[in-house]
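*Asks:* The annotation active site, proton donor/acceptor is assigned in TrEMBL to E250. What TrEMBL lists as domain 'Peptidase M14' is 22-274. If you look up TrEMBL, you'll see 1-15 marked as signal peptide.
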Amino acid sequence: MKIFVILILIKLAFAGTQLPPFYHTTDEVEAEVKNILKNCQMKATQKKYGIIDSITLKPKLDHENKNKAFVIFGEHARELISVETGLHFLNQICHTPLDFKLKLIINMNPTSRRYVERGHYCLRENLNGVDLNRNYGFQWKFKENHFVQDSSGPEPFSEVETQTVRDILSSFKPRTFVTVHSGTLAILHPWAFKKEDVVFAHHHNLRGVKNECVDCLIGGAATQIGYTASGNSMDYAYGMAKVKRSYTLEIFEFEKQNQRKEPDSNFAEFLQHKEKVKSEISNKELFCFDYFNPRSEDQYNELVAKWSNIILQLIQS
């Protein structure tokens with residue numbers, strides 16, 4: 001872990017970039033969550049699991065709706081727009097309350113996000129060098145690749161972040177689970193560990209959002225994306241925690257949003273460019289920001305509103 005953190009610090013010395021002003025730092029996220037919850041029209045409580053803050057929202061009036069949903073944002077630190085969408089979604093449902101119980105984790109990878117906010121925009125894993133979305137105990141496979149940043153960790157649930165999600169899934173037993181990412185445009189369901197699609201018994205929610213994202217890939221994750229991913233949260237929720245509906249949302253794609261190609265072949269090749277010149281490293285970090293996050297404030301506002309509505313549709317019973 002120490003070596004991994006030292007490498008991050010060295011890279012940060014070369015990265016002189018700043019967040020656009022409409023993005024939130026981790027401290028600002030925490031403060032904004034508290035402000036939203038003060039005036040929330042649902043019963044709201046927060047609980048801390050180590051470094052992770054969870055939010056529980058319940059209707060203020062007695063109800064018969066047994067639906068429950070669990071939504072997480074920010075598993076990968078560089079996907080800043082995921083957490084921003086979580087903030088918008090929380091604010092939306094606190095002003096237009098739901099009639100069922102809901103749990104949220106707005107910032108799943110807060111320690112790494114702090115490094116991203118300081119200019120290390122390519123950081124995906126947590127500070128132990130673990131890809132949280134490869135660390136769940138369903139179809140887990142050991143992998144160590146810090147260059148691509150999809151290392152599984154030494155064993156399933158080695159990280160407090162994934163332990164938290166596991167424990168909430170076990171105790172809360174939601175009907176729907178959603179994890180929010182960026183890097184492409186997609187509404188995905190199991191499986192991700194193999195190229196085989198699950199057909200949910202009640203799929204009307206998914207059919208209903210197709211018009212909301214006409215450019216989105218929709219279907220089984222591995223089938224649509226073209227590669228398999230073992231030990232991910234979506235498959236764990238469906239395959240092990242027995243959640244009825246489980247989704248991965250990919251909410252931003254650089255090429256489709258900007259109508260132009262990546263500047264240096266594909267993203268994986270771009271990350272393998274090992275120039276040590278300060279300007280080259282800064283350019284790499286800036287490209288990582290643009291690859292996963294909108295830079296325009298108008299685009300940002302449109303995106304967080306659109307995907308908050310899609311999440312809302314998917315978690316309805």
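Counting starts with 1 at the first residue shown.
Here the Cβ of each residue, glycine as well, is placed from N, Cα and C on the backbone.
Whatever TrEMBL says is automated annotation, not expert-curated.
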*Asks:* Average the pLDDT scores across the domain 'Peptidase M14' (22-274) and report the rounded value.
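*Replies:* A mean pLDDT of 91 is what the model gives the domain 'Peptidase M14' (22-274).
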*Asks:* Counting across all protein chains shown, how many other Cβ atoms sit within 10 Å of the Cβ of E250 (active site, proton donor/acceptor)?
*Replies:* 23
